[in-house]
Amino acid sequence: MAAFEYLALDPSGRQQKGVLEADSARQVRQLLRERQLAPLDVKPTRTREQSGQGGRLTFARGLSARDLALVTRQLATLVQAALPIEEALRAAAAQSTSQRIQSMLLAVRAKVLEGHSLAGSLREFPTAFPELYRATVAAGEHAGHLGPVLEQLADYTEQRQQSRQKIQLALLYPVILMVASLAIVGFLLGYVVPDVVRVFIDSGQTLPLLTRVLIGVSDWVKAWGALAFVAAIGGVIGFRYALRKDAFRERWHGFLLRVPLVGRLVRSTDTARFASTLAILTRSGVPLVEALAIAAEVIANRIIRNEVVKAAQKVREGASLTRSLEATGQFPPMMLHMIASGERSGELDQMLARTARNQENDLAAQIGLMVGLFEPFMLIFMGAVVLVIVLAILLPILSLNQLVG
């Protein structure tokens, strides 16, 4: 059976969309008529992109971490309840409210019914199910423990999503504060200051230096502010485009690592992500060398990723994991000590998971400290700007009062 997307009209004339499984489009139309729906369009499961490699179908837009965690959790629950994987996929598709996810899961189910493994079926959708996910599922199928492995994958995906949300929420307030501050300063300089200071200019009196400087800045903002804003947006777009070039991206990532506080945050983020990914792969039975290659792909910083790839090569040649990672110079000593302990005790996956949690807690503390320092800095900055503007307006008034006196 294959999956078909349909567009139909109900008895009241409203359009209905959905996905049905059937042997042919003709059977789908018959099923729709039995449900008192008038079929308008029926076609095989729609995909976003079709490559030229043997007609392999892929979705150009992947699943969000939240959707992936939810689908994985549902599959884990159903598989552990002794439901066959094809039935679990059908139930998860029926449970989803997203037509796109329904289509994807039913397409995976169709591949499973053709005799492919679950991991092999997921390989048809690489943007939705990353290599880490597929390798872990393959290891679970090979070991005969697919249910527990899916449960671990759901936990891993949810933890990654929660960590990402914590960082985003921690950075949200400073960003809003900075944007609001810049907007207020721009409004004062572009509209308020010119009207107030114009009175003193018309009086013909000699203005203090601070007032003249403020008038100059205000005139520049009024004349060129919009153009400067457009140029800034263009610069951001150009920078993002330049980051697509490998050479520029590596130089930028190297620069970030050299910035004192930023470099530490980047290392903490990437090493924690690497450790948690390596933990779930090794726990699921993926060979260490293969797990290292997969875990390296989740590292965002190219410099650190390249060093980990070199470390994986050393492990392949017989070196210990601890020595290989230590040679990169990118991993904190505590993490290396815990990995060494895991290698000696044979509990590498547990030590990796523990050190990843410790690193994530340390990262959260670092971000909290930065946010705590940033807030008073922005308040002091705003207070200083307002003070300068007030002084620039008051100084001519005081000078005028002295002349009158």
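Cβ coordinates come from backbone N, Cα and C, glycine included.
Feature annotations, courtesy of Swiss-Prot:
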{"type": "BINDING", "residues": "T97, E151, D155", "note": "Ca(2+) binding site"}
{"type": "TOPO_DOM", "residues": "1-168", "note": "topological domain 'Cytoplasmic'"}
{"type": "TOPO_DOM", "residues": "190-219", "note": "topological domain 'Periplasmic'"}
{"type": "TOPO_DOM", "residues": "240-376", "note": "topological domain 'Cytoplasmic'"}
{"type": "TOPO_DOM", "residues": "398-405", "note": "topological domain 'Periplasmic'"}
{"type": "TRANSMEM", "residues": "169-189", "note": "transmembrane segment"}
{"type": "TRANSMEM", "residues": "220-239", "note": "transmembrane segment"}
{"type": "TRANSMEM", "residues": "377-397", "note": "transmembrane segment"}
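Tertiary proximity for the transmembrane segment (377-397) is limited to same-chain residues at least six positions away from its ends with a CB under 8 Å from its CB atoms, namely 174, 177-178, 181, 184-185, 188-189, 193, 196-197, 200, 205, 207-208, 210-211, 213-214.
For T97 (Ca(2+) binding site), the Cβ neighbour count at a 10 Å cut-off comes to 6, with all displayed protein chains included. The Cβ of E151 (Ca(2+) binding site) lies under 8 Å from the Cβ of R73, A76, Q80, each of these being in the same chain and 6 or more residues away along the sequence.
Mean model confidence of the topological domain 'Cytoplasmic' (240-376) amounts to 89 (pLDDT, 0 to 100 scale).
Within the same chain, residues 225, 388-389, 391-393, 395-396, 399-400, 403 sit at least 6 positions outside the topological domain 'Periplasmic' (190-219) and bring their C-beta atoms closer than 8 Å to a C-beta of that stretch. Look at the topological domain 'Cytoplasmic' (240-376): DSSP puts its residues at 112 helix, 0 strand, 25 coil. Cβ contacts within 10 Å of D155 (Ca(2+) binding site), excluding its own Cβ and spanning all protein chains shown: 15.
DSSP classifies T97 (Ca(2+) binding site) as coil under the three-state reduction. Applying DSSP to the topological domain 'Periplasmic' (190-219) sorts its residues as follows: 25 helix, 0 strand, 5 coil.
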